[in-house]
Amino acid sequence: MSKIFKIQFSKMKPVFSVFLLLLFSIFHCNSENLEKENTDNNPYEFHIGGVLSSNASEDYFKQTIEHLNFNTPFMKPGNTFYAHSIKMDPNPIKTALNVCKQLIVRRVYAVIVSHPQIGDLSPAAVSYTSGFYHIPVIGISSRDSAFSDKNIHVSFLRTVPPYSHQAEVWVELLKYFNYLKVIFIHSSDTDGRAFVGRFQTTSQNQGEDIEKKVQVEAVIEFEPGLFHFNNQLNEMKNAQARVYLMYASKLDAEIIFRDAADRNMTEAGYVWIVTEQALDANNVPEGTIGLKLVNASNELAHIYDSIYILASAITDMNRTKTITPPPADCDNSGAIWDTGKTLFEYIKKQVYKDGHTGKVAFDNNGDRIYAEYDIVNVKEVANKDAIGKYYFNNELNKMKLRLNESNIIWPGRLKKKPEGFMIPTHLKVLTIEEKPFVYVRPLKKEDGNSCKTDEIMCPLYNTSSKEPIVYCCKGYCIDLLVELSETINFTYSLSLSPDGQFGNYEIRNNSASGKKEWNGLIGEIVYERADMILAPLTINPERAEFIEFSKPFKYQGITILEKKPSRSSTLVSFLQPFSHTLWVLVMGSVHVVALVLYLLDRFSPFARFKLINADGTEEDALNLSSATWFAWGVLLNSGIGEGTPRSFSARVLGMVWAGFAMIIVASYTANLAAFLVLERPKTKLSGINDARLRSTMENLTCATVKGSAVDMYFRRQVELSNMYRTMEANNYETAEDAIRDVKNDKLMAFIWDSSRLEFEAAQDCQLVTAGELFGRSGYGVGLQKGSPWSEAVTLSILDFHESGFMESLDDKWIFQGRVEQCEDQEKTPNTLGLKNMAGVFILVAVGIVVGMVLIVIEIGYKKHHVRKQNRLQLARNYGQTWRAIVQKRKMMRMHGRTSGVGALSLSVEALPRSVLNISPIRSIETLPRTCRNSPSPTRAWSGRQMVHRKSDDIPLRSPIGGPPQLHFHNNLM
C-alpha cells in the first residue's frame with residue numbers, strides 16, 4: 001500500500017508544486033491589495049510643526065513647505081503639507097505648554113525645533129513633550145550629548161552632530177601630524193565624559209594601521225567653573241607628551257589658557273588642539289588649532305534640510321505603511337501614537353545627499369553623521385584662519401581630511417611642526433638575570449659602595465622588602481646599554497625585574513573582576529613604571545600589542561638542549577665492527593676450510609713424498625687437527641711452523657684462504673678504529689618534530705620557563721597542543737633551574753631561546769642542542785607605546801649591526817672562544833681505556849683458564865695411558881720369556897736331559913739378555929697380586945744373581961701341566 005502511495009505521490013508532485021505556486025500568488029496579490037487598500041485609507045494632509053527662534057526663521061519655514069508641495073520627487077500625488085510654527089520661549093515650561101496648545105492640537109506629524117536665544121532647556125522641553133506621544137522632533141542646533149540618550153529623548157533627531165563627534169576629527173588630525181601620545185583635558189560634565197569616551201573608542205578602532213594608535217598619557221578632568229588650573233598644569237608639565245587636547249567651555253578655557261601662559265606652556269614646543277567652545281575664548285593662544293562646524297549657525301539651511309528629510313520619510317512610509325492620525329491634544333495622557341515610532345525609524349534611514357548643509361544622514365541615536373568641519377588655526381587673537389577641511393568625499397564615499405600644512409603657525413610663531421613630546425634624558429631601565437646577557441651578583445662589603453669597572457649597579461626593588469637589595473650587573477645587554485646611552489645621549493638608572501619574570505598576561509589572584517594583567521618586565525612598561533627594557537626579551541605579537549619594540553639586536557629562535565648520551569662500552573665492544581651474522585660466517589668458514597684442506601691432502605696422490613736425507617720412510621698426510629691449526633694460524637696471522645698442506649690443490653686453497661683472511665683482518669681493524677676511537681655519540685632527539693616529543697612518554701621529560709615567550713609560542717601552536725599539555729606541568733620558574741637539571745640527568749630536554757642554549761653548549765661540551773631552530777624571532781629593546789626614543793634606539797641598533805659591534809658582543813659573551821674548543825674536542829680521537837678493551841682482556845683470561853683445564857686433563861689422560869702401556873709391555877715381555885723357555889726345553893729334550901741343578905742354571909745364564917728382559921721393580925708392582933705373593937717352595941737358581949726366595953720373590957709360573965716354575969729375586973730386577 002505504501003509503495004502504491006509513493007508512486008502516486010511521485011506522479012502528483014509536479015501538479016502539487018504548481019498548486020502551491022498558485023496559492024502563493026493569490027495570497028501575495030491579496031496581501032498587496034489589502035495593503036494598497038490600507039494605504040489608500042491613509043490621510044492626504046500632513047501637518048508639520050516648528051519651534052523656531054525668530055520671525056525670519058518662521059517665514060522661511062512656511063515658504064519651504066509651500067515650495068515642497070510643488071516638488072514632485074518628494075511628494076505622493078494628492079498629498080499636501082501644512083506648516084504650523086511658534087516662536088521659541090526662553091522659559092521651557094511655556095515652550096512645552098505652547099507645543100501642546102498650538103502644535104499638538106493641529107495633529108502635527110513632526111516638530112522641527114531651533115535653539116533658544118537665551119538658555120538651553122527649551123529644546124529639551126519640546127523633546128520631552130513631543131516624545132511622550134512619540135512625535136518625532138528634529139533639532140537643528142542642539143549639540144548636547146544628553147540628546148543622544150534615547151532612554152530620555154526617545155524621538156529626538158538632529159541635523160547637527162553632538163560636540164563629542166569632534167573626537168573623530170581629532171584622531172584624524174593626530175594621525176596626520178603623527179602625534180601618538182597626548183594629554184586629554186576635559187570637564188566632568190556629560191559632554192566632557194562623552195567626548196573622552198568617544199575619543200578613546202575611535203583612537204583604538206583605527207585597525208588599518210596598528211602602529212599609529214594614539215595613546216593617552218594622562219586624562220585631566222576638572223569641575224566646570226574653574227578659578228585656577230595650576231595643579232593640573234604642573235602635572236602636565238612633568239609628563240612627556242606636549243600635545244594637549246582640550247574640551248572646555250569658553251569661560252573654563254580662558255582660565256586654563258591664562259594659567260598655562262604663566263608657565264610658558266603656550267610657547268614653542270607645545271601643541272593645543274581644542275573644541276569649538278574653547279576656540280571662542282578671548283585669550284586663546286597663538287598657534288592653537290581648533291574646529292568649526294560648517295553651517296553651524298545657518299539656521300535656514302538646517303530648516304530646509306530638516307523639512308525635506310521629513311517629507312521624504314513621510315512619503316516612503318505613506319507608500320507602505322498604514323498611517324493613523326497623530327494625537328489631538330495633551331489632555332489624553334495615555335494615548336501613544338504608534339505611527340510616530342514608525343516615522344522615527346523612517347527618518348533615521350533617510351540619506352539626503354544634496355542638502356544645504358552637506359550630506360545628511362543619521363546614526364542609530366538619531367545624531368547627524370557626515371558633518372563637515374573647518375580646521376582653524378589661531379594666528380592672532382582676532383585672526384582665525386581656516387587651514388583645512390574635514391569633508392565627505394563622494395569618490396571615496398567617506399570622510400576625508402585635507403590640510404594646508406604650510407599655512408599653519410605653531411605656538412611660538414614657528415613654521416616647523418613641534419615634536420609633540422619632551423624627550424626625557426634620564427630613563428629608568430629594567431633588566432633580568434639571564435646568562436650570558438645579564439650576569440648578576442650581590443654587592444659585597446669588600447666592594448664598598450660601588451661595583452667593578454665592567455659592572456653597573458642594578459638594585460632589586462621588591463614589594464616584600466622596603467629597602468632595595470643591591471646587585472652588580474654585567475654582560476651582553478649591559479655593554480649594549482652603555483653603548484646606546486653614549487650614542488643617543490641619555491642617562492639611566494638600572495634595576496632588576498621586581499618579580500624576576502619577563503612578563504605574562506594572566507588573571508591576578510587578587511583580581512575580583514577576572515581581568516587579565518601583565519606582570520614582570522612587560523607590566524612595568526605597560527603601567528609606565530619604567531621607560532625601557534634591555535634584556536633578552538623576545539619579540540612576539542602578544543607583547544607587541546601593549547609595548548613597542550625596537551628592531552632586533554639579536555636574531556635567534558627556539559631550540560632544544562639535552563645532555564650528550566654517554567656511549568655504553570660493553571665487554572664485547574671489540575666484536576662491534578662485525579655483525580653477529582658475519583662473525584658466525586667467519587667462524588664457520590675457518591672450520592669448513594680446515595675440513596676441505598684435510599680432505600684435499602688426504603685424497604691427493606701427491607700428498608706423500610720422500611724426505612731428503614731420511615731413512616726412506618714416508619711422511620703422513622695432513623691430518624684434521626693440523627688443518628684446523630693451519631686455518632686459524634692464517635686467519636690470525638700467526639707463524640705456521642708445521643702442518644702445512646702438501647698437495648698442490650690444498651695449497652691453492654690455502655693461498656685463497658690467506659687472501660680472505662687478509663681482507664677480513666684489514667676490514668676488522670679499520671672498523672674497530674671507527675667504533676672504539678672515532679665514534680661520537682649523537683643527540684637523543686632529532687628536533688621539535690621528533691615523535692617522542694609530540695606523543696606523551698613517561699620516560700621523556702621536556703620543559704620550558706613559565707610565562708616566557710617560548711611558553712606563549714607553544715600556546716599559539718595548535719599542532720603542539722598535546723606536547724604543551726604534557727610539558728606544562730614540568731615547566732620551571734627560571735632557566736637556571738632547568739639547565740641544572742639537564743646536567744644532572746633529571747630533565748631530558750629543555751626548550752628555550754637558542755642564544756642561551758648555544759652559550760650553555762659552548763660552556764659545557766657535554767651539552768648539545770638538538771635539531772634545527774624553530775619559532776624564529778629576535779630580542780628587542782622594549783619601550784612604552786609612543787616612546788620618543790623608539791626611532792633613535794632602532795637606528796642605533798641597525799648601525800651596531802653594520803659596524804660589527806653586535807658581532808663583537810657575540811664573540812665576547814656568547815661564544816667566548818669555547819665553540820672551537822668543543823669542536824677540537826670532537827675532532828680529537830678518544831683515548832681507549834680498560835672500559836673499551838675489557839672484553840679482550842677477559843678473552844685472554846678465559847684462554848688461560850681453558851689452557852690450564854686442558855693441561856690437567858692431558859696429564860690425567862697421560863698417566864692413564866702410561867699405566868695401560870706398562871701392562872701391555874709386561875705381558876709382551878712375559879710372553880717372549882715363556883716362548884724362549886719353551887723353545888729351550890724343546891732343544892734340551894732333543895739333546896737329552898742333563899743331570900743336576902747346575903746344568904740347568906748354566907743353561908739359563910747362557911740365555912741372551914733380550915730373552916730375560918724383565919721390567920724394573922716399579923713395573924713388577926703392576927703385576928697382579930696373585931703373581932707377586934704366590935708362595936712356592938721351589939729353590940731358586942744358584943749363582944751371583946740367584947738367592948733363596950723370600951716373601952717378596954716374584955713367581956714366574958708356567959701354565960698348568962707345563963714345565964717347573966722359575967723364581968727370580970728382586971735384585972735381579
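Placed from the backbone N, Cα and C atoms, the Cβ positions cover glycine too.
The annotation signal peptide is assigned in TrEMBL to 1-31. Annotation comment: TrEMBL describes 453-816 as domain 'Ionotropic glutamate receptor C-terminal'. Under the heading domain 'Ionotropic glutamate receptor L-glutamate and glycine-binding', TrEMBL lists 460-527. If you look up TrEMBL, you'll see Pro536, Thr538, Arg543, Asp753 marked as L-glutamate binding site. Positions annotated as transmembrane segment by TrEMBL: 582-600, 652-678, 837-861. The site 'Crucial to convey clamshell closure to channel opening' annotation in TrEMBL covers Leu685. The annotation site 'Interaction with the cone snail toxin Con-ikot-ikot' is assigned in TrEMBL to Arg715. The disulfide bond feature in TrEMBL is assigned to Cys765-Cys822. The region 'Disordered' annotation in TrEMBL covers 953-973.
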Composition by DSSP (helix, strand, coil) of residues within the domain 'Ionotropic glutamate receptor L-glutamate and glycine-binding' (460-527): 20 helix, 18 strand, 30 coil
Recorded positions: Pro536, Arg543, Arg715, Asp753, Cys765 - member with fewest neighbouring CB atoms within 10 Å: Arg715
Cα proximity to Thr538 (L-glutamate binding site), best match among recorded positions Leu685, Arg715, Cys765: Arg715
Densest Cβ neighbourhood among Thr538, Leu685 (recorded positions), 10 Å radius: Thr538
Average model confidence [pLDDT] within the domain 'Ionotropic glutamate receptor C-terminal' (453-816): 82
Rounded inter-Cα distance in Å - Arg715 (site 'Interaction with the cone snail toxin Con-ikot-ikot'), Leu685 (site 'Crucial to convey clamshell closure to channel opening'): 22
C-alpha spacing of Leu685 (site 'Crucial to convey clamshell closure to channel opening') relative to Asp753 (L-glutamate binding site), in angstrom: 17
8 Å Cβ shell about Pro536, Thr538, Arg543, Asp753 centroid, L-glutamate site members excluded: Phe502, Leu537, Ile539, Asn540, Ser708, Ala709, Ser777, Tyr779
Spatially closest candidate among Pro536, Arg543, Leu685, the listed recorded positions, to Cys765 (disulfide bond) (Cα to Cα): Leu685
Site extent for L-glutamate, whole Å (max Cα pair distance, Pro536, Thr538, Arg543, Asp753): 17
Alpha-carbon distance [Leu685 (site 'Crucial to convey clamshell closure to channel opening'); Arg543 (L-glutamate binding site)] in Å: 31
Pro536 (L-glutamate binding site) and Leu685 (site 'Crucial to convey clamshell closure to channel opening'), Cα-Cα, nearest whole angstrom: 26
